[in-house]
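Structure record follows, encoded as structure tokens.
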Amino acid sequence: MDAQSAAKCLTAVRRHSPLVHSITNNVVTNFTANGLLALGASPVMAYAKEEVADMAKIAGALVLNIGTLSKESVEAMIIAGKSANEHGVPVILDPVGAGATPFRTESARDIIREVRLAAIRGNAAEIAHTVGVTDWLIKGVDAGEGGGDIIRLAQQAAQKLNTVIAITGEVDVIADTSHVYTLHNGHKLLTKVTGAGCLLTSVVGAFCAVEENPLFAAIAAISSYGVAAQLAAQQTADKGPGSFQIELLNKLSTVTEQDVQEWATIERVTVS
């Protein structure tokens, strides 16, 4: 996977406008929907247990986000996930705040046990706590980077869960059971916008809907999103996170194949 291939995935999302079913948290629903629309995908947010299975089976991808979870929402996620699995729809999990409370951590693990996942996207602490590495710092749902080798963590998590792991942060690390890539795009202002990471997970879903290899889809999605964020930060350099948030939506709509080819920094890591 290189910048040129990532750029072509972006074009495929816009060409096919995949339906992304996001069972997400109530803090970020509007921002996520608008971000997917800006990108060129088609969002739907359906939460009721009575309809999630029917919605998931017609979607291009299903995204599960535990940011504001409840027993009922986790049940709905598992119902939707099983339906997606039955119909060949890729499922992406965002274990928001895993490690903050036992209920949150166990909810993420319950979903992983019950649903076959194409990818999991989170920060290092969320991924570490989801797979049982406990010596990482976390505060609420804003997880700290903790300590340790993030590349090794991504490898171990991918092998343990047999899925693509995307750990996002200052440097993004994407791994499957055999390969590891690092990505070097994005901007620090993303950490000042509530829901920027949650939107990114749904963007990964949109790319998984058009690219059958979830590793490549995650790389292309996170690279394209990171480039859009850099361009948005340039445009709002003398302003604050409010202006950046709006400009990020603008740039998700206008970022081009050429932008991604020029700006995306994708490196394959040699692992032993």
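Just so it is clear, glycine is given a Cβ too, placed from its N, Cα and C backbone atoms.
Per Swiss-Prot, these features apply:
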type	residues	note
BINDING	MET45, GLY195	substrate binding site
BINDING	ARG121, THR168	ATP binding site
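Here the features listed in Swiss-Prot are painted onto the structure.
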residue	record	CB count, 10 Å
MET45	substrate binding site	17
ARG121	ATP binding site	30
THR168	ATP binding site	26
GLY195	substrate binding site	20
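Spacing of GLY195 (substrate binding site) relative to ARG121 (ATP binding site) is 13 Å (Cα to Cα, whole number). The separation of ARG121 (ATP binding site) from MET45 (substrate binding site), Cα to Cα, is 19 Å.
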